[in-house]
Amino acid sequence: MEKVLEVKDLKVSFQTYGGTVQAVRGVSFDLHKGETLAIVGESGSGKSVTSQTLMKLIPMPPGKITGGQILFNGEDLVPKSDKEMESIRGKEISMIFQDPMTSLNPTMKVGNQIMEGLIKHQKVSKADAKKRAIELLKLVGIPMPESRVNQYPHEFSGGMRQRAMIAIALAASPKLLIADEPTTALDVTIQAQILELMKGLQDKLDTSIIFITHDLGVVANVADRVAVMYAGQIVEIGTVDEIFYDPKHPYTWGLLASMPSLENDGNDELAAIPGTPPDLTNPPVGDAFAPRNKYALAIDYEEEPPMFQVSETHFAKTWLLHPDAPNVEPPDAVKQRIRKMSSNFDKPVLVKEGK
Amino acid sequence: MAKYIGKRLLYMIISLWLIVTATFFLMRVAPGNPFASEKKLPPEIEANLQAHYGLDKPWYQQYTDYLVNVVTWDFGPSFKYKSQTVNDLISEGFPVSFLLGMEAIFIAVALGVLFGVIAALKQNKWQDYTTMAIAVLGISVPSFIMASFLQYFLAIKLGVFPVARWESFQHTILPAIALAAGPMAYIARLTRSSMIEVLANDYIKTAKAKGLSSGVITVKHAMRNALLPVVTYLGPLTASILTGSFVIEKIFGIPGLGFHFVTSITNRDYTVIMGVTVFYSIILLVAILLVDIAYGIIDPRIKLAGGKKGE
Ligand SMILES: Nc1ncnc2c1ncn2[C@@H]1O[C@H](COP(=O)(O)OP(=O)(O)OP(=O)(O)O)[C@@H](O)[C@H]1O
Ligand SMILES: [Mg+2]
């Protein structure tokens, strides 16, 4: 399948009064056409910074890309200027933000906010742009789009605003859509509708999607693959089945064990991961997760684990996959769900530097 | 909308009546009278004068007479300038003051916004520090000192502008700057902080994510929202330009309404004081109404009560 995006060893840091925050510390992944990649992880793990860096939307300064490549259709975005990025933002890559209440301009009509991108990227006339804006509003399921197009955001409900945001993002039919927790601020029924809408549109337009979320339950519904982030790194990445039914990283175990599910509602306690994420101004030596990890090995405190490849699509960054590592059992909540993956290699393979 | 304006007009009339009443009684309790000058007048003449201006009538009659006169837009004769009525003074002085005030408001708003936006876009760079340092000066230096300063350097030392008087456009520049400096500095600081706040908003990121250029984002998305507080300030701005004009017109010898007002106070020219006060109040009330209407147009979230939609 055609690769739309390839991120290689991306590093981003922020200069703050307290020192340099290494928000993203060597993230690599790729994304194919029409595919949905979910990025999950605790608050502060660098999901938003990673995704905004793909469009170079992080404020620079204080932010800075300190290393790596962002290959979009084979072209590296990192060295591009702001001016050059303008023809990519909104046209090739679009973004939907978390809070629909604040991500629309309150003093501009919703229609105009959709039209802006069209006029900029597709060089259409104002009248045509308006026609298209009405079509888009209809496409995202807003009733009476002809009158809604002339309204202001405060006249829309939260769910409708997020639909309008999707219309804005899709206006120029981008190849990649980044959705940063698009449903977190919405109530559950609206969430389901918005997810349904995004999936439907993806099928129609064949867009690739990066879907950022806290909610593992949502992931199973929308994603093809999942990347688990911790302290600015991807610690495990694989297909949805691999992550849900054959997770290898103790942090992923922790996330899965703390996920409420229908089977264990209320019976067993949710196993929250103890402790807090590390301070990214001074990332610890070794594995950043070690202090919170009850499976941590001695080496975890000394040397950062390398990436091990478990199958063609499944990678995990933990010493537990090393041939010399002791055999450990995941927590019960996770063990119950483990399935044998036929696609797994015989043994995890150490990935050489540079992947 | 019409209903809203109607309601506001009613409030304005009530406010005006309160102002007229208050000025009327304040004038009465103020010591001294217009005919108490260096030379003592013979009692018969003074009684004659009192009768001529209706000052011998009981206070309630003077009050109702005055109210009726105000309603018919007749502020009566000046006590001091024998042949002139207060209406004459207003129609003579107001155009001058209006021109000066408009020029000052224009300078204050245009430059204030410009400096504020530059400072915000270049936050914590030298442009920011320079404009804000100047703004602090502008706010803390009183306008009469600013006026003398301008006169001394630009007029006397450099001879670029005339020192005083009111003859050509050249003559209007120094007083307009002196009058505008304080409000301009205030607007610059207001614009800067509100612009910085707006630029941190999510919808600015949305606009950037659409691929809009930073110029378009600044003008179309940031400034419109950032200027809302500035629009609110236009009411108080009018007031401060009005009061500022008393001093400035006096310093520059400009024959405007402010000049007459100050003169009439030193002369205890009751009718002029009262007439001009009422006239100023009307201007202020109208300015505030216009600002509120403008605000409702600029910010669609504000619905002018009584109307259907703030559109
Ligand atoms: N503008 C900034 N200046 C300084 N530090 C920043 C800035 N933006 C992000 N960071 C830091 O980068 C790290 C990653 O933040 P990020 O917003 O990507 O987290 P996240 O995974 O999206 O979390 P959440 O789930 O809460 O949205 C955090 O430690 C954060 O403090
Ligand atoms: Mg985030």
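Cβ coordinates come from backbone N, Cα and C, glycine included.
Unlike curated records, TrEMBL annotations are generated automatically.
As annotated by TrEMBL, transmembrane segment applies to B:9-30, B:98-121, B:133-156, B:168-188, B:230-252, B:272-298. The domain 'ABC transmembrane type-1' feature in TrEMBL is assigned to B:94-295.
Listed as Cβ neighbours of the transmembrane segment (B:9-30) (distance under 8 Å, sequence separation of 6 or more from its ends, same chain) are residues 59, 62-63, 66-67, 70, 268, 270, 273-274, 277-278, 281-282, 285-286, 289. Outside the transmembrane segment (B:230-252), and at least 6 residues removed from its termini, the chain residues within Cβ reach (under 8 Å) are 97, 100-101, 104-105, 108-109, 112-113, 143-144, 147-148, 151, 164-166, 171, 174-175, 178-180, 182-183, 186-187, 190-191, 194, 258-259, 261-262, 280, 283-284, 287-288, 291-292, 294-295, 298. Residues of the same chain lying 6 or more positions beyond the ends of the transmembrane segment (B:98-121) and with a Cβ under 8 Å from any Cβ of it are 127-128, 131-132, 134-135, 172, 175-177, 179-180, 183-196, 199, 218, 223, 226-227, 230, 234, 237-238, 241-242, 244-245, 248-249, 254, 256.
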